[in-house]
Amino acid sequence: MEKLIILGAQWGDEGKGKIVDLLSEHFDITVRYQGGSNAGHTVVVNSQKFILHLLPTGILHEHVKGVIAQGMVVDLEVLHKEVKNLEEKGIYVKERLFISDRAHLVMPYHKLLDSLFEKKKGIGTTLRGIGPAYMFKYGRKGIRISDLKDEKRFYTLLEDNLDFVKNICEKVFCEKFDLDINQIYEEQLRYFEEFKENVVDLLRFFNTQKGSVLFEGAQGTLLDVDMGTYPYVTSSNASALGLSNGTGMPPKYFSDAFFLGVAKAYTTRVGEGPFPTELKGEEGEKLRELGGEYGSTTGRPRRCGWLDLVALKYAVQVNGLDGFVITKLDVLDTFDEVKVCVAYELDGEVIDYFPASYSELIRVKPVYKTLKGWKKSTKGAKDVSELPKEALDYVKFIEEYTGVPVVMLSTGPKRDEYIWLKEILRTRSGYS
């Protein structure tokens, strides 16, 4: 069984949606295994723009099965709207959608807590209840999709959780609590009724299915709850570390997989937290406008900066990457010079590693190498012969620094705007 894992190698928003859409056509199954509706994967098909928050991107292909695995936290209301939105555009996915019965639910009270926590701490959350949903999961107070099969048990769990949240709201935040248990109960059961035929035992599913599987990571390695810029991270393992517990399959299952990292030709970040190569002046604004750097989930402007190769090599080590896709190369087309960060300076010492300590990360200063810009459009290029030498030199420098081949370049948002550079992935995925 052929397996491909696609992972974000930066702080998310690397363009994974397009790459998954492009490659998943040649797979039988696509799987989302962590995160929730805080992710936003954007795909442009026949000039139509799709933004998927919960559904695997590959499900846009009519022969591909889509899996929402147990590592995700699922907002059934969002899922309902997403499926209906696709149906209105002539894309029907219900018959090909499989949802783990072990996946936890995002409830209205999680969103309430998210907004209260954000007011208090302000880490730049999407306010979609993802963090509190994971908090309840690991605090053993979560409600799983399988719990909705027993309506009496579901009501009891809901009652207990609402009492818990009410105390937090009133006694900790001095805020009014006005969520109605019966309304939540009825809404969740109504959504469950819509999707109950899609709910499966995922362990049995993986052990009985034949065919190739593409695993679609959400967010990015530097937002991983364990390996990212903690505490300014997401609440799940957004790196390869999340694969086994997110799917329920043992590590051995992934031993023959190809691990593909997706990275922009520069760096962006949404929300708060350390960002060593951030550009706050005209150059940062230029990157933002040329790259259209506004969040697909929140609409917030993204912080922009030069490519951070120290962080990118760290992502290689965390994930065991076999190859890279570099996206948005065309955004750099008009720059006279292009800088890449090759080391950090920390308290007068030059270091070549990505620190775990928050207090160190906010103190590091980037050490740059300046490369010559290409001053020629690469937008929409579909063959390597169309690329200027300086652009290829830029790609080669990334390969030499990270030790990982760049197998593909994305040169625009459309499905056909890409260039294969290496055959290593192309032959494995059957893509031509």
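Note that Cβ sites are derived from N, Cα and C of the backbone, with glycine treated the same way.
On a predicted model such as this, the values are computed, not experimentally measured, just so you know.
The candidate list GLN219, GLN317 contains one residue that Swiss-Prot assigns to the IMP site with ASP13, GLU14, GLY15, LYS16, ASN38, ALA39, GLY40, HIS41, THR126, ARG140, THR234, ARG300, namely GLN219. Sequence-distant neighbours of PRO301 (substrate binding site) (same chain, 6+ apart, CB under 8 A from its CB) are ARG288, GLU293, TYR294, GLY295. In three-state terms derived from DSSP, LYS18 (GTP binding site) belongs to a helical segment.
Here the candidates are the recorded positions ASP13, GLY15, LEU329, and by Cα distance the one nearest ASN38 (IMP binding site) turns out to be ASP13.
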